[in-house]
Amino acid sequence: MNLPLNIVIGNAISLIAGIFILFSMWVNDEKEVYKHQFSNAFILTISSAFFFSWTGVVTMAIAASRNAMVYKDRLTFNWTIFFIIVSLTVGCLVNTMGIVGLLPIIALVQITLSNYYLKSIKAIKISFIVNSIIYIIYFFAIWDFSSVAIESVTVAVGMISLLRLINLNKPIFCNNEVS
């Protein structure tokens, strides 16, 4: 295949994946979040192949597997360590993009640790926002412009969703004085 055609096909597939990342950022149920995250990572595995980003293929396949485990409440400490070791080892072995190719590996390790340690929806959303920012830089570098756009919107949606969640938990009365 030729590069321009691959870029067009990869962007189209990434656009579909982006719908799921947006859904994951909008919902406030931890289980639903990871169902959408799985779909996103699985589809991005396919689009990464069209960009000849073998680091992306590997990290997205690992992310999809990990998200399935989180969804089924099976991500243990040992699995977390396993995913990190595999991500670092295989990701570095297939990296053909230098520093740019390290970004999905960094993002995968960051989100894997978050998946294991973070349990509140607020903390999870913040972790997803940080992860999306890392991916914006990566997608821009590999010319996956539909993912740049989707991830940018995802960060905005995540911020709005996080602020709504924070405002839901604010007390109605700010003054605690009793008359």
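Every residue, even glycine, has its Cβ placed from backbone N, Cα and C.
TrEMBL lists 6-27 (among others) with the feature transmembrane segment.
Only residues 6 or more beyond the boundaries of the transmembrane segment (39-62), in the same chain, are considered here, and those with a CB under 8 A from a CB of the stretch are 1, 6-7, 9-11, 13-14, 16-18, 20-21, 24, 83, 86-87, 90-91, 94-97, 101-102, 104-105, 107-108, 138, 142-144, 147. Per TrEMBL, transmembrane segment is recorded for 39-62 (among others).
Annotation source TrEMBL lists transmembrane segment at 82-111 (among others). Tertiary proximity for the transmembrane segment (82-111) is limited to same-chain residues at least six positions away from its ends with a CB under 8 Å from its CB atoms, namely 52-60, 62-63, 65-66, 127-128, 130-131, 134-135, 137-138, 141-142.
If you look up TrEMBL, you'll see 123-142 (among others) marked as transmembrane segment.
Annotation source TrEMBL lists transmembrane segment at 148-166 (among others). Tertiary neighbourhood of the transmembrane segment (148-166): same-chain residues 14-15, 17-19, 21-22, 25-26, 28, 121-122, 125-126, 128-129, 132-133, 135-136, 139-140, selected by CB-CB distance under 8 Å and a gap of 6+ residues from either end.
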